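Presented below is the structure to which this report refers.
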Amino acid sequence: MDIISQVINNFTSIDTISVLLIGVVAGLVIGSIPGMTSTMAIALLIPITFNMDSTNGLIMLVSVYTAGVYAGSLPGILLNTPGTPSSAATVLDGYPLMMQGEGTKAIGIATIGSVVGGLFSGVVLLFLAPILANISLLFSAPEYFLIAVFGLTIIASLSEGSVIKGLMAGTFGLLLGTVGIDLMTGVPRFTFGSVALEGGISLIPALIGFFSISQVMMLSEEKGGNKKLSEKGVKGNVLPTKNEFSEMVPSLIRSPIIGVLVGMLPGTGGDIGSWMSYNEAKRFSKNKEKFGKGSIEGLTASETGNNATTGGSIVPMVTLGIPGSAATAVLLGGIISAGLTPGHELFTKHGDVVYSMIVGFFIATILMGVIGLLSAKHISKVINVPTGIVAPLIVCFAVVGSYAINNSISDVWIMLVVGIMGYFMRKTGFPVAPIVLGLILGPIAEEGFRQSLSMTSDSIIIYYLSRPISVTLIILTVFSVIVPVYRNFKNKKDTN
Amino acid sequence: MKKLLLINLAAFLAIFLAACGNESSGAESYPNKPIELIVPYAPGGGTDLGARELEPYIEDELGVSIEIINKEGAGGWAGWTDLINANPDGYTLGYLNTPNLTTGYLNPELERGEDLDSFSYISNHVSDPLVLAVNKDDDRFETVEDFIEYAKENEVTTSSQKVGSSEHVVSLKMNEELGTNIGIVQYEGVPEIRSDLMSGDIDSSIIALNAVYNADKEAIKPLAIFSEERSEFLPDVPTMEESGYEGLNAKIYRGIGAPAGVDSEKISILEEAFKNAIQNEEHQESMKKNAGIKPEYQDSEEFRQTLEGEEEKYKEVSDLLGW
Amino acid sequence: MTIKSQTNLLVSAIVLIISIFVFISTFNINGGAAYFPFGLSILLGLLSIILMVNSLEFVKINKHYLKDNVTKRDNPFYGPSFKRALVAGLMSTVYVVLFNYVGFIISTLLFIPSFFLFMQIKGYLKYIFITLGFIIFIYIIFVTILRVFLPAGIIFD
């Protein structure tokens, strides 16, 4: 009871409230700039928290985190450019929706999804943290490998149209993922002597380039003096209709669970959470064809999934000191420099700090939702701006954003090269999603597998089969491949 | 006409002299503008936090502001490449970390042309010894002798952060000299290592002390420390030497350097400033409390010698590493 | 629709060449790190061959239809729109080069108005306000608030 009163006390102070507001706004602004991620935002704001009361500092940082992950959807929907890697899957259906004149609605859907995902993960964090933390410990290299493979199986079905091209795109993405110094043996692969490539093709510049530069090039095809981004204009409500909401429901239930699980695992964050949620939404959807063309289910899945990873990744961070994502790794740094140690101690000795942080997380999530819904109509007016004006600004954001990540001009070059390549790929009918999936999941799969080889002296098959979670994942993967093939086969037979 | 010419000449001379004057007065009043400090790792990480802890004290000493620039990549070499290419005017400094610096230029796969002469050295900031840690509930290992004996008869796994890391090398040395069968599992970062150690997916972890210091002491149990003397952070943990295993010291160092060719006067000024800042009691306390890492000041000569020592060490084990 | 097959032919050839190049490169990689790219390059090569074969068949079957009904204009890579896209790409490349050499402010000052010209935006007031507004906005957020450093340009350093 003492803790509760302390927490309430915290939130009635002007300091805390203003810090929370600043955090949400900062997160919204930074997250909506393509090239700036919530991880960066947290990292850049940590020094500011040194001069603050540690509880307030943490509240600000989690507010930035949740708002930042959400805000990435906004440029994704309006400009086909994800604001953060967590929103890459959002653009697949968010942008088409905007082009169909439903931009405001798309923002509304993304907002609702993000809030639901965030709140769910907050609830889990509040009540189930210790249990889940122990579950996350059961995941190691073998499971990471299998999860990545499972995620990759969807590649074939993500290719609208040509399956061959989809597979080619996926394979190419996987190859791109091998660039860099190999973790297991320390040898460089495809780095051409460039120090910049030794770390691999940085994901964020690649995503920015792939989506935004290719988009700019496509926009440039016509003179843009008077052409708007979308002729359909801004109409309609922010809130989905009853029917539309019922379309969202399956994703609203499924994606938070996926997101929290993904978030809990160290090394996987919003980007993977959104893709896995998107994949599963498509797998179970009765309207698969709509995916990629403005599917409400898909949009919801992606945004709900990515925000659910936020609370999920905080779970192991506070209970075990093991961050569940890059952003929480930075957050952990903030906690430690505030002199707090994660673990049992944090909940007992500094309960008020942790619970204040969690409550702050809840409030920030709701707040960002409110702000998002209220401003959706105004934000989506962006599409009334002539393409000729939007295009160069996107390039500038992309360049500045890519540079800012790591003070590196090489990242900007990667962004540009991938972007131009992306233009050609889009023009020749290669789907985007498989390349991104390959780039993200490929390294996880390969590393996970080779790591697992070095972890056991037993036969690798025995090792995998001795782990219950691995076995489950293997069965899941096999089913997910066999079932569609079988169904396809049966369909062909029936039509004969 | 002549008058005009004379005036022009005089003006020109005056400007010329003023410029020259500025050159020398530049050295005397160094530093007189902000200094960039390159941290070749991500913000929020160990090196970064250490730099930010030190920042205010250095700013006090030098009287100018320090701008921390994070530039991660290639284990630190992205930042070090920038550092080497920077103007050696004393306004660009950078953190130099072992063993990444050493392995980076010694690894033949990477074909780097740089070596220790590409940098100038100012001082060491912190050092952190490696620790052998196991899962607290692991009954097989109560002491380091248990571990070593067990490892001689059976295969055990330990973690390493990237090929060529200190822990990688010391594990290879142990296998070579003690006859243990330590299998090395490479990891990207500490979170996964901690997770796997806690879940029992790896048998042990040889890891920097501050990673264990900040960890939940309920789950991890340090068996021995790879340094000459016991650490004040873990006073009950014996050293490897005490336990009878010699020649296995392994420490990481983080210090500050600059591109080669910086004026020795400027280096002295910096050395003095860093000495006072690093040895400042407040800073020392804060580092120990917040980062679990001990500041160990070394002046520019000593720091360079430390790095040369690391180079020697790595050259000795190069065949073990396959170099 | 049918012109796609001809484009596909070209693309599959390019991808095949890339996969051969990658395949050969994997022989320079020592150790276990080579397996994955090795396998992928083979997979990519196979897929590109399949695509090539499919497109060839399609082109063969539809040769007559293609000759009469498909014009140059159906080619996605022909015509003023493609050229415009390339110009946009080129301008962006120049921007990145300038960004590095003369810094954020000057390069952006040059880039945005040039692009506006290229896209035929009317009204010179727009040029001035938007360009300046953008530069100021970025400067405040990145340099002042977030303390991220944007290049001042190599020649100025």
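Using N, Cα and C of the backbone, Cβ positions are placed for all residues, glycine too.
Unlike curated entries, TrEMBL annotations are predicted automatically.
Small disclaimer: the values here were computed from a predicted structure and weren't measured.
Taken from TrEMBL as is:
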- A:19-437: domain 'DUF112' (DOMAIN)
- A:20-46: transmembrane segment (TRANSMEM)
- A:58-78: transmembrane segment (TRANSMEM)
- A:106-128: transmembrane segment (TRANSMEM)
- A:135-158: transmembrane segment (TRANSMEM)
- A:164-183: transmembrane segment (TRANSMEM)
- A:195-218: transmembrane segment (TRANSMEM)
- A:320-341: transmembrane segment (TRANSMEM)
- A:353-376: transmembrane segment (TRANSMEM)
- A:382-405: transmembrane segment (TRANSMEM)
- A:412-441: transmembrane segment (TRANSMEM)
- A:461-486: transmembrane segment (TRANSMEM)
For the transmembrane segment (A:353-376): best-contacting stretch of A:20-46, A:164-183, A:382-405, A:461-486, by Cβ pairs under 8 Å:
A:20-46
By a Cβ-Cβ criterion of under 8 Å, what residues six or more beyond either terminus of the transmembrane segment (A:461-486) are in contact with it?
138-139, 142-143, 146-147, 149-150, 153-154, 157, 283, 452, 455
Do the transmembrane segment (A:320-341) and the transmembrane segment (A:412-441) come together with 3 or more C-beta pairs under 8 Å, pairs six or more apart in sequence?
no
Is the transmembrane segment (A:382-405) in contact with the transmembrane segment (A:164-183), using three or more Cβ pairs under 8 angstroms as the rule and ignoring pairs under 6 apart in sequence?
no
Between 0 and 100, where does the mean pLDDT of the domain 'DUF112' (A:19-437) sit?
86
Beyond the flanks of the transmembrane segment (A:106-128) by at least 6 residues, Cβ under 8 Å
66, 69-70, 73-74, 77-78, 90, 94, 97-98, 237-240, 244, 248, 251-252, 255-257, 259-260, 263, 296, 299-312, 314-315, 318, 355, 358, 361-362, 365-366, 368-369, 372-373, 376, 379-380
Please give the sequence-distant neighbours of the transmembrane segment (A:58-78): residues at least 6 beyond its ends with Cβ less than 8 Å from one of its Cβ atoms.
10, 16, 19-20, 22-34, 37-38, 41-42, 45-46, 48-49, 52, 84-88, 90-91, 94-95, 97-98, 103, 106-107, 110-111, 114-115, 118, 211, 229, 270, 302-303, 306-307, 309-310, 314, 327-328, 331, 334-335, 338, 353, 356-357, 360-361, 364-365, 367-369, 372, 379-380, 382-383
Six or more residues beyond either end and a Cβ under 8 Å away: which residues meet both conditions relative to the transmembrane segment (A:195-218)?
34-35, 37, 76, 79-82, 85, 88, 91, 176-177, 179-181, 188, 271, 391-392, 394-395, 397-398, 401-402, 405-406, 408, 410-423, 425-426, 432, 435-436, 439-440, 443
Using Cβ distances below 8 Å and needing 3 or more such pairs, separated by at least 6 in sequence, tell me whether the transmembrane segment (A:412-441) contacts the transmembrane segment (A:20-46).
no
For the transmembrane segment (A:382-405), sequence-distant contacts whose Cβ falls under 8 Å of one of its Cβ atoms, 6 or more beyond its ends:
33-37, 40, 78-79, 81, 98, 103, 202, 204-205, 208-209, 212-213, 215-216, 219-220, 222-230, 233-234, 411-412, 414-416, 419
